[in-house]
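Participant: As listed in TrEMBL for this protein:
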- 1-21: compositional bias 'Acidic residues' (COMPBIAS)
- 68-95: compositional bias 'Basic and acidic residues' (COMPBIAS)
- 136-146: compositional bias 'Polar residues' (COMPBIAS)
- 249-273: compositional bias 'Basic and acidic residues' (COMPBIAS)
- 1-146: region 'Disordered' (REGION)
- 166-214: region 'Disordered' (REGION)
- 243-292: region 'Disordered' (REGION)
Amino acid sequence: MSNENEEDEQEDEDSDDDQDDVQASLSNISFGALAKAQASLGPKAKRKSKATQSTTDDGETPTASPLDDIRARIREAREQKRQGSSKSKDSEKPSRSSKHAPMVQSSKHPVTRKRTIIEPPAALKSRDPRFDPAVRSQSGRSEASQSAYAFLDDYRAAELKEMKEKLAKTKDPRQKEALKRDIRSATDRLRTTENRRREKEVLAEHKKREKELIREGKKSNPYFLKKSDLKKQVLLKKYESMGSRQRVKALERRQKKLTAKERKEMPMERRGFGNDSTPYDDGGGGKRRRLA
């Protein structure tokens, strides 16, 4: 009997030692290893948790499982870590002494190895010449804008030719009147453009000639053209560019225009509307002179 009692005592001591070893090993296991172990259990752990919930619903007091304690500790550790990282970020932000001071940046900030050697030219934005003020205001057009939009003159000439062909084909009187009006305005616009081009050519030639005379010492001060002289030279240049028949027709039209102007400025009695008495006669038979 004594032998049996000694064996039982030895077994109890061995079991106590085993339990102490298990508890020591469990205390050394990390939370991550325990979480992995819980995930490896799979649906069995879920079933057990459902079973524990059902038992609590029946009225029994729930027992705190070690897994719940582990989860709570993990959550607390994560929150503490997150709060610590946010505080460190806020403390690392450099502050300036004033808003006018240069910005302070950490030396740990990586600097790009790329550097711009040649700046690329800015991309040109497309512009509609119909709404471009540089094109619409002809008086303020520079030579650069003229050369850039010179193709518009060709388009206008082609459009004028097309309108003339359409006028020859159409039979509707209203459409004919509208086309005639458009042709007249387009012709006047082209004529104005040509006159301005001739004026610029005449002025450029005159300036060049005056500069050469001053350089040669023949003149000390340049001579600036008056408007009347400029108009005469432009008209002469226009007639020189015409053919013989066109020149004759243009001179005839100009002569008719000047004759009509002189006739309009002529007094009424000299036109043949007055009688023998003078306009200043007491008889009062003559008509009044119309002043120009």
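For all residues, glycine too, the Cβ spot is worked out from N, Cα and C.
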Participant: By DSSP assignment, list the helix, strand and coil residue numbers for the compositional bias 'Basic and acidic residues' (249-273), in that order.
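Facilitator: Secondary-structure composition of the compositional bias 'Basic and acidic residues' (249-273): 20 helix, 0 strand, 5 coil.
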Participant: Taking DSSP states H, G and I as helix and E and B as strand, how many residues of the region 'Disordered' (166-214) are helix, strand and coil?
Facilitator: 46 helix, 0 strand, 3 coil
